[in-house]
Amino acid sequence: MRIPTTSCLCPFLVCLCFIQRCCGASHHVLAQVPSKNQTKLANGGPEVHHRPKRGWIWNQFFVLEEHLGPEAQYVGKLHSNSDKGDGSVRYILSGDGAGTIFIIDEVTGDIHAAKSLDRERKTHYVLHAQALDRNTEEALEPKSEFIIKVQDINDNAPKFPDGPFVATVPEMSELGTSVLQITASDADDPTYGNSARIVYSILQGQPYFSVDPKTGIIRTALSDMDREAREHYTVIIQAKDMAGQVGGLSGSTTINITLTDVNDNPPMFPQSLYVPESAQVGKAVGKIKANDEDLGINADIKYSIINSEGANMFSISTERDTREGIISLKKPLNYERKKTYTLHIEGTNTHVDPRFSYLGSFKDTATLKITVGDVDEAPVFSIDHYIMDVYENSPSGTEVGAVTARDPDSRNSPVRYFLDSKEEGVRLFRIDESSGLIRTTQPLDREDVSWHNITVMASEVGSPSLLSHVHVTVQVLDVNDNPPEIATDGEVIVCESSRPGQLIQTVTAVDKDDFANGQRFSFALPSLLPVNPNFTLKDNEDSTASIIARRRRFNHLTQDLYELPIVVWDGGEPSLSGTSTLTLRVCPCQSHGRIRMCQGEAFLSSAGLSTGALIAILLCIVILLAIVVLFVTLRRSKKEPLIISEEDIRENVVTYDDEGGGEEDTEAFDIIALRNPAAAEELKFRRDVRPEGRKHCARCFRTVPVVSNCLNTTTTKMTAFSSLWIVGRFHPEVLNQVFEMEEQHYGVGWGGKRRKEKKRYFPWCIFFIAQ
């Protein structure tokens, strides 16, 4: 049994198998070598035993790394020509990852990878395959070894293992002088595809340095770089795989390059200054000093700039204590426009003694060279404010306009554009970061928002901290996408006395769309409906229409509401139409046309009041009436106070039931239990005073009883009363005579409900007795 390990043998094996089957061969002869157990034939020659050869047939075995699909990844298929397809052969897999990473179907021989593989951890797996008889478990073939290789994908970005780097190069070096070679590594397979093919490029450091895209060698891109003007440079190099194509992965590193000094300056007296272009106007940028051997005021010096080139950009003043000339900036510097300035500075004594004028002028001049240093600046937009427009309902992705910005520095780095994410309009637009082209992300509606304000940001590629911004205003242009409607509030009033041809109402229309030459409307009644016998419509051709009565007299009792559908066309292209239904209410009117009486909205419209206003007025009236009733009630309660005094309210009436006994047991029985003993004393009745019950009982009874003497046996029948409270000393027999009603027995009760004692019910009763 043989298993080829290269893909080039597979087609050969397949063809060989095909030829064998065509020739009817059922087995192969591996060799004809006599063995020790071979027998000799009659002719003396050895007997050769023919052993059938059974071989493997399979596909090329490769598997992709980092497979994240929901199903196991198919690897290949093992097949022995001993397998007749009846399921009698069982395939077994052993070796690296067998059973865990690689799973084989015992019947079909299909191999699948059950886990995601990483080529950078293991490049290939060595496995062994064996075919067994399913019934006897005997090996049909010896174990065969084969290899599954993990195929690489681009999943590793290039890296600079030794960065960041530090390098030096002499100043004034020639163009193309080699500075440093950097190398990036990629863990992907360099023998397969472009996953590990790296290309180098420079992100920052132009135009001073360049890099070889293949070797990574950094060279000088400018000649005569002067250390005295600028000494340190920062270069950023990018390494990108996939040969720099789109979609490749990248990594970057930083190289700090310093110019070393060479003897390129002879001794000179004139002084020099280095001023960055970012220096602020009005700030001191340098100093100069003239020496004077005199002392005190005789050494005072006044400095001045005597040439126009320097005087226009710089000013100089004298520091009194140190006698130094302080040079300040008058105007902003721009490295791209002018890199050096030469100042002629004159120093003059302020106190000159005329006696020594013969010695010459008491002044001197010096030359000062100022070098402007380049500073990385933010991009500059071509204009300060952009105004663009786009039609409403345009599909997503419609071009709105483009903004342009440039790098003001001499290297002219590419610019990246993006929208300010803090603004609300960013969800409606997007911008191409390379070209600055603005597009819509969804259709816009002018009737919703007609103007949009967005802010576009720009930065240099490689220097994202330097930002500039510009405001962009986008106007949404109108298209005719809204049908017109009748402009009317509420109902139209029709007098009962209307005559044929009488004008009922003049109507107009409204349209949400914006027409440049003004809105024009046309009106008509629907053509598909029958002729309206009550009203007609006349188009006045001035964007209004007149509703005219067609019949004589209306009766609101017969029909008070009519509906009139009206079709309105606008003047847009294409023209749109809408149908509005107008409600007309019939109302009685006076001779001069004033509405006399009408219901619902018609009355409210004629009175100039809406439904909400009428409800508010009625609510106010109800509230006022409630306040008046409450006030009158309170006044009455104050004029007629309650008869019961404070002590009476605190009294308790005890319930009792008297059965048996004699007069001595019930005589002078006191049925009152008072909380306040003093109040009980005050409530004791006098025997010599006749009670007056009518005066105080008028509030409690419809028929007022009169009791002449509560302690004698006078009988008074009381009827038609609802309740009675008895207060004072009373004889029980008197009570039984006072409270007589048909078919009932009464006692005296108190409390919150009636009490039942021995089948005798005691009603509530109130009786006020004057003392």
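Using the three backbone atoms N, Cα and C, a Cβ is placed for every residue, glycine included.
Annotated signal peptide per TrEMBL: 1-24, in sequence order.
Summarising the annotation, TrEMBL assigns domain 'Cadherin' to 80-160 (among others).
In the predicted model, the domain 'Cadherin' (161-269) shows an average pLDDT of 89. Taken from TrEMBL, the feature domain 'Cadherin' applies to 161-269 (among others).
Sorting the domain 'Cadherin' (267-381) by DSSP state (H, G, I as helix; E, B as strand; all else coil) yields 16 helix, 52 strand, 47 coil. Residues annotated as domain 'Cadherin' in TrEMBL: 267-381 (among others).
Annotation source TrEMBL lists domain 'Cadherin' at 382-486 (among others).
Taken from TrEMBL, the feature domain 'Cadherin' covers 486-603 (among others).
The transmembrane segment feature in TrEMBL is assigned to 613-634.
According to DSSP, the secondary structure content of the domain 'Cadherin' (382-486) in residues is 4 helix, 52 strand, 49 coil.
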